[in-house]
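Here's the structure, in structure tokens; my notes come after.
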Amino acid sequence: MGMNERTQGQRPTDPSGKLKAHRAKGARRGSALEAIVGSGALWAWGFLCYLSPVLISTPDASSSVGLEYGFFTSQAAVIATALLLVAGSRRNTMAMGPTPLIIAAVVMGAATVVLPWLLARQMLAFVILAGVITGIAGTLCGAAWGARYSLDFRDAPGVIILSFLFAYVLYLAISHIEAGPFAVVAVAALPLVSMGLRTDEAARRHHVSLDVFPSKAAIAPDAMPGEIVAGSWEARLLPWRSMAPIILAALIGNFISSAIMGTTYEQAASLFAGGVAVCFIIAVLALVPFTLEKHDFSALSLYRTTVTFAVAGLLIILALGGAGVPMGGALVQGCAMFLQVLVYVLVTQSTQREGLAPLLSFSVGQGLISAVVLAGNILGKQFYYLAGGALAPFEIACAIGVLLLFCVVVNTKAGGASDDLATAETPGVPGRQAPAPNKENHAAAFAEHFKLTKREAEVLEYLVRGRSLPYIADTLFVTTGTVKTHVKHIYRKCAVGTRQELLDLFEREG
């Protein structure tokens, strides 16, 4: 059977192709587990550091206000980092290896250790500085795990949900530790463990592909800048329409939970813990259908499930008044927190599909989440001040929230502003029929003639067979952005601008 008669989903059967597939398969072993545990530790750190009283040894009003300042500043730093990356995206010449990530993890751990001491002494300027530092460092670390998420073309939603599920377990376990040195050390260790696992996992893959970390001459035109920054730097390719209903629902949830909290962390132990418990339940519900049939994962279905919990919480508050605030508030808070999981899923799928640079796509995704959290919390605080803590205005706000969420869900069902969300299914690894017979010897000679690197020659073999970039990335166990970078290098060396021109040149040279 000729190469052009192969089925769409098959791997090449040549010996070198088998070897590449075998090496990639070996690199996957244990990698997903490290991704779940490592990224989960990072997400748990974010929840515990600013969304729990575990670091407040003296839970008075001043400590609560100080921690909120740090939280708001960290969210603003994430937003600023994302905006700076978008602004400088067209002039991007960065390369990123493991060293900046390790430094970021150490800085996050150190800031966690000193934060309780700063809060106890009401040193707000340094608390704000710690918020800025942790916001920037956390964005870099989050993008690093985003790059790892984008390697799982079939299992990405499951890996992401499991990582947050692990984060919720860590939160519930550590938040029950009495505030003190042991709790501080436990929280501070999380980013170090996270980046330690990330570095180990990436180093093992680098031995296979040599694409994970930047090459020594990373500033050269044909150098590999590392998988975190390799790919397209075009924020317009992100699924903005898909994320619009998520943004609105998360904004409502953060507004309501912030209004419940008021100006102190007195209810944090119950509200945030209850919210995380709700997140845990939603995550389990999401994993059941995904486990049974992976390709039936639907971001729209998960979104509707999450919003249903939020609406239930608001209705409980409306029905029971003040007595329903603890339970209803936990439901709303949990939904607001879990919606960030959907953002990560959509950004991951877009990164895989479009070959985006993970540093850009996941920084923008984190910036979007932080913007919603910051805006919702600020609006909630202002509402609390204006209402004077009265229940009637709060119930009116809950009723409006129910109506808005209902309209959003109806809009998604009717195919309004979120058609993309309805079709945001787990991406496969498409490939079209090869346009020409097997020409492996010719491909090797072609690569040698145009001075392609060994990795570029491997990518070329799949390109001339008509394979898509996601297909090649999945086969070689690298990000789509990495493959896209190699393709750009191939085009430049061959003096062509499109794949069709490359195929024409390949046939002429044959």
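Keep in mind that glycine also has a Cβ here, set from the backbone N, Cα and C atoms.
Taken from TrEMBL, the feature compositional bias 'Polar residues' applies to 1-13. As annotated by TrEMBL, domain 'HTH luxR-type' applies to 445-510. Annotation source TrEMBL lists region 'Disordered' at 1-25. The transmembrane segment annotation in TrEMBL covers 32-57, 69-87, 99-118, 124-145, 157-174, 180-197, 246-265, 271-290, 302-321, 327-347, 359-379, 385-410.
Only residues 6 or more beyond the boundaries of the transmembrane segment (302-321), in the same chain, are considered here, and those with a CB under 8 A from a CB of the stretch are 245-246, 249, 252-253, 256, 278, 282, 285-286, 327-332, 334-336, 338-339, 342, 345, 391, 394-395, 398-399, 401-402, 405-406, 408-409, 412, 421. Helix first, then strand, then coil: DSSP counts for the domain 'HTH luxR-type' (445-510) stand at 49 helix, 1 strand, 16 coil.
Distant neighbours of the transmembrane segment (385-410): 245, 248-249, 252, 255-256, 259-260, 262, 304, 307, 310-311, 314-315, 317-318, 321-322, 328; these residues of the same chain sit at least 6 beyond its ends, with a Cβ under 8 Å from one of its Cβ atoms. The transmembrane segment (327-347) makes no contact with the transmembrane segment (99-118), as judged by fewer than three Cβ pairs under 8 Å among residues 6 or more apart in sequence. Long-range Cβ contacts of the transmembrane segment (157-174) within its own chain (Cβ-Cβ under 8 Å, at least 6 residues beyond either end) map to 32, 35-37, 39-44, 47-48, 52, 54, 145, 149, 183, 186-187, 190, 273, 276-277, 279-280, 283-284, 286-287, 290-291, 294, 297, 299, 338, 341, 344-345, 348, 426.
Looking at which of 99-118, 124-145, 180-197, 246-265, 271-290 has the most CB pairs under 8 Å to the transmembrane segment (32-57), the answer is the stretch 180-197. Between the transmembrane segment (246-265) and the stretches 69-87, 124-145, 180-197, 271-290, 359-379, Cβ pairs under 8 Å are most numerous for 359-379. Residues 47, 51-52, 157-158, 161-162, 164-165, 168-169, 171-172, 175, 257, 260-261, 296-297, 301-302, 305-306, 309, 326-327, 329-338, 341 of the same chain sit 6 or more residues outside the transmembrane segment (271-290) yet have a Cβ under 8 Å from a Cβ within it. Between the transmembrane segment (359-379) and the stretches 69-87, 99-118, 124-145, 180-197, it is 69-87 that has the most C-beta pairs under 8 angstroms. Tertiary proximity for the transmembrane segment (124-145) is limited to same-chain residues at least six positions away from its ends with a CB under 8 Å from its CB atoms, namely 35, 38-39, 42, 45-46, 49, 66-67, 69-78, 80-82, 100-101, 103-105, 107-108, 111-112, 114-115, 118, 163, 191, 194-195, 198, 228, 358-359, 362-363, 366-367, 370. When Cβ-Cβ distances below 8 Å are used as the criterion, the transmembrane segment (69-87) is approached by residues 50-51, 115, 124, 127-128, 130-136, 138-139, 235, 359-360, 363-364, 366-371, 373-374, 377-378 of the same chain, each at least six residues removed from its ends. Confidence for the domain 'HTH luxR-type' (445-510), expressed as mean pLDDT, is 86.
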